[in-house]
Amino acid sequence: MATVKNQSGLYVQFTVCLIGLFLLPLPSHSSDPDPLQDFCIGDTKSAFSVNGFPCKPAINVSSDDFFFDGLSKEGNTSNPFGSIVTPGNVLAFPGLNTLGISMNRVDVAPGGLNPPHSHPRAAETGVLINGKILVGIITTGNVLYSKILNPGQMFVIPKGLIHFEMNVGEEKALIFTAFNSHLPGAVVVPLNLFASKPSVPDGVLTKAFQVEKTVIDEIKSKFAA
Ligand SMILES: *[C@@H]1O[C@H](CO)[C@@H](O)[C@H](O)[C@H]1NC(C)=O
Ligand SMILES: *[C@@H]1O[C@H](CO)[C@@H](O)[C@H](O)[C@H]1NC(C)=O
């Protein structure tokens, strides 16, 4: 590096350093915040509401709080989508509380689809255990990235991006997914737009999709509870 010869040279070097600092990636939390104690088994029934759940008193904690068998059973895929997500999030498994991680089990019947959805609070990774699936990810720039996966293969879904998994094989598909949040949340696009309560006004949907109200009515009728 050039040695500083005078005041103005020093000033220029200082300015360049300052600009360089602003160009560095800012430190950020890319997942849930770190825990402040060994564990905090969620007391999901507590009357207190905090960012996460209050901890169950340590005296009440047992081995069972650290284990969960909710993902061991095959989900029932007899529904219009032909798929079912079994959550292993903090609500199902309070031992995950504050740890910034969780998993789901996804069962997809042949021809079934885990419909386009996004997780507002987490990036996702997954591994296909059985079957053959088409995984698609759509970016904020409307570019589709996709691939057909075979057992043992993994995928990653960047935080918040819309994605889907379709069973394109002859057999049932089984996927285990993992998240960097104890409660990633899921915005399922068709349900979010066409099955909300109260419902999104028809005028919003006819304009957004550039179709007649009869088309919107038909789609809404498919998801009417
Ligand atoms: C902890 O255990 C005590 C004694 O069994 C019980 O009264 C209390 O409700 C428990 N608290 C929680 C949060 O589980
Ligand atoms: C799966 O769900 C369908 C529709 O709700 C129901 O009729 C069927 O009995 C369920 N199958 C099993 C094995 O629980």
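Just so it is clear, glycine is given a Cβ too, placed from its N, Cα and C backbone atoms.
Lifted from TrEMBL, the feature list:
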- 1-30: signal peptide (SIGNAL)
- Cys40-Cys55: disulfide bond (DISULFID)
- 69-217: domain 'Cupin type-1' (DOMAIN)
- Asn104, Asn114, His119, Glu124: oxalate binding site (BINDING)
- His117, His119, Glu124, His163: Mn(2+) binding site (BINDING)
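Annotated features taken from TrEMBL, shown on the structure.
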| residue | record | contacts (Cβ under 8 Å, 6+ apart) |
| --- | --- | --- |
| Cys40 | disulfide bond | Gly52, Phe53, Pro54, Cys55, Lys56, Asn97, Thr98 |
| Asn104 | oxalate binding site | Leu71, Val85, Thr86, Pro87, Gly88, Asn89, Phe176, Thr177, Phe179 |
| Asn114 | oxalate binding site | Phe81, Ser83, Val85, Val106, Val108, Phe164, Glu165, Met166 |
| His117 | Mn(2+) binding site | Ile162, His163, Phe164, Ala186, Val187, Val188, Val189 |
| His119 | oxalate binding site | Ile157, Lys159, Gly160, Phe179, Ser181, Pro184, Gly185, Ala186, Val187 |
| Glu124 | oxalate binding site | Val156, Ile157, His163, Thr177, Ala178, Phe179, Pro184 |
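Residue counts for the domain 'Cupin type-1' (69-217) under DSSP (helix as H, G, I; strand as E, B; rest coil) come to 22 helix, 57 strand, 70 coil.
Within 10 Å of the Cβ of Cys55 (disulfide bond) there are 19 other Cβ atoms, across all protein chains. When pLDDT values are averaged over the domain 'Cupin type-1' (69-217), the model yields 97.
Highlighted in sequence order, Val85, Val106, His117, Gly126, Ile157, His163, Thr177, Phe179, Pro184, Ala186 have their Cβ within 8 Å of the centre of the Cβ atoms of Asn104, Asn114, His119, Glu124, the residues recorded for oxalate, and are not part of that set. Surrounding the centroid of the Cβ atoms of His117, His119, Glu124, His163, where the record places Mn(2+), the chain contributes additional residues within 8 Å, namely Ser118, Ile157, Leu161, Ile162, Pro184, Ala186.
A 10 Å cutoff on Cβ-Cβ distances gives His163 (Mn(2+) binding site) a total of 22 other Cβ atoms nearby, all chains included.
Here the binding residues for oxalate are Asn104, Asn114, His119, Glu124. Their largest Cα to Cα distance works out to 14 Å.
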